[in-house]
Amino acid sequence: METTCSAKDLAALLSSSSSSNSTSSLAAATFLCSQFSSISNKLSDTTYAVDNTYLLFSAYLVFAMQLGFAMLCAGSVRAKNTMNIMLTNVLDAAAGAISYYLFGFAFAFGTPSNGFIGRHHSFFALSSYPERPGADFSFFLYQWAFAIAAAGITSGSIAERTQFVAYLIYSSFLTGFVYPTVSHWFWSTDGWASASRSDNNLLFGSGAIDFAGSGVVHMVGGIAGLWGALIEGPRIGRFDRLGRSVALRGHSASLVVLGTFLLWFGWYGFNPGSFLTILKGYEKSRPYYGQWSAVGRTAVTTTLAGCTSALTTLFSKRLLAGHWNVIDVCNGLLGGFAAITSGCAVVEPWAAIVCGFVASWVLIGFNLLAKKLKYDDPLEAAQLHGGCGAWGLIFTGLFATKRYVNEVYSGDSRPYGLLMGGGGKLLAAQFVQIVVIVGWVSVTMGPLFYGLHKMNLLRISAEDEMAGMDMTRHGGFAYAYNDEDEVSVKPWGKVGHTSQSSTPTPPLTA
């Protein structure tokens, strides 16, 4: 309970213990109270500054994940499409910034609003934001970094065969409307399924717990990519005439590993940063324990889930395919991260190991299903982010602990994980989240991709696809293969190649 300094009460105490008159006592008491108030205000300012700095640093980490996405995508496609996929990653951030600034942020967090979508005028184009305590531009920057992460996931699913104009259209629509609406549902204090509703009118008395976005970010991006890849169809050569799978390997495992490590680094802003603040105590009897402790625990659960999934994938693929594959391990690692993102703040570290182990098999299973259904996703984005993201929501409904749920979401008797003795209400809310995300993204992004397809704005021509988009759409290849001016004519030339043969070596990535 907060106490205030009362000059009148303090004057009475001073008078009873001193021979000075009441006027002098009151003056002394007033002065002391003013000093206490000044100290309190300075402490409040310091707390706000530290929290704001923490959020800004987390935003920078999440934005750095765009570089990770770019490297991962570049390494996962063939060399003849490198410039194209790099450009789409840049445009995801740039186009996403404008659309999120104009509309997305208001749709997501504009308050007061209804349970479906934000609508307060002051949030559109940040026209009069911030306008209240606790709101600042750092929050906008952090949420924008999340929005463009969802768009980056989608770009991986439709890589190597999509027209550039389609990227611009879907990226703006996803970050400006589709994603913000979902984030409003589950993260806004007005959202109909949010675990942080201000009026405590919670879905099943719990609300859906998606702390950092297994559903809001990863499932949205994954399901959007699923529809794009389904409507476009597989890349030329991905399946032979008999329907058998043909591997179209990316050109650089080095870039894949680099991108994976950058994403791993950025995830420490993605998950722990989702607390938004750090200077908050939980128990007065334990002054050393507070939100800073939860931030550290969240980083640990994130690490354990990703590492467990990577190791499980390593040995599982060794048994299934007969070799150690670094690309599979990197995807397994990211699948574990995508899964733990929902419950990272409300589960014990040992449970994160369970999460990562199952996430690995979820990814392997969805990849096998994709081959059987002749579904082509160059980065396994729909399987990884959509499938593992859905598992992460279920995992939270099973393993969330009572203590951590009540700490993070400020309650005393909230529902928690089914296997932890908390009943099935939270799990039911998690299933509702999965269903509504699949439904919402399907009825918004599905028609968009289909409309682009019917207008011949989605897929490039077969000739351009075979030649590679770098040459046909972007003016040249990403790599200089030799020092000669004819590099654009002979993209397969090798550095230092001095052979006298007039017969060129065919490109390895054609």
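Even glycines carry a Cβ here, placed using N, Cα and C.
What TrEMBL says about a protein is an automatic prediction, not a curated fact.
Going by TrEMBL, these are the annotated features:
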type     : residues : note
DOMAIN   : 54-479   : domain 'Ammonium transporter AmtB-like'
TRANSMEM : 53-74    : transmembrane segment
TRANSMEM : 86-109   : transmembrane segment
TRANSMEM : 139-158  : transmembrane segment
TRANSMEM : 165-187  : transmembrane segment
TRANSMEM : 207-231  : transmembrane segment
TRANSMEM : 252-270  : transmembrane segment
TRANSMEM : 350-370  : transmembrane segment
TRANSMEM : 382-400  : transmembrane segment
TRANSMEM : 427-450  : transmembrane segment
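Listed as Cβ neighbours of the transmembrane segment (53-74) (distance under 8 Å, sequence separation of 6 or more from its ends, same chain) are residues 82, 85-86, 88-90, 92-93, 136, 138-139, 141-142, 145-146, 148-149, 152-153, 155-156, 159, 252, 255-256, 258-270, 272-274, 276-278, 330, 379, 478. If you look at the transmembrane segment (382-400), the same-chain residues 6 or more away from its ends with a CB under 8 A from one of its CBs are 153, 157, 208-211, 214-215, 217-219, 221-223, 225-226, 229, 331, 334-336, 338-343, 346-348, 351, 354-355, 358-359, 362-363, 365-367, 370, 375, 416-420, 422, 424, 426-431, 433-434. With respect to Cβ pairs under 8 Å, the transmembrane segment (427-450) is most closely packed against 165-187, considering the stretches 86-109, 139-158, 165-187, 252-270. Regional average pLDDT for the domain 'Ammonium transporter AmtB-like' (54-479) in the model is 93. Within its own chain, the transmembrane segment (139-158) is flanked in space by residues 55-56, 58-59, 62-63, 65-66, 69, 72-73, 76, 85, 88-89, 92-93, 96-97, 100-101, 104-105, 108-109, 126, 129, 166-167, 170-171, 174-175, 179-180, 183, 213, 216-218, 220-222, 224-226, 228-229, 232, 270, 273, 276, 377-379, 381-382, 385, which lie at least six positions past its ends and keep a Cβ under 8 Å from the stretch.
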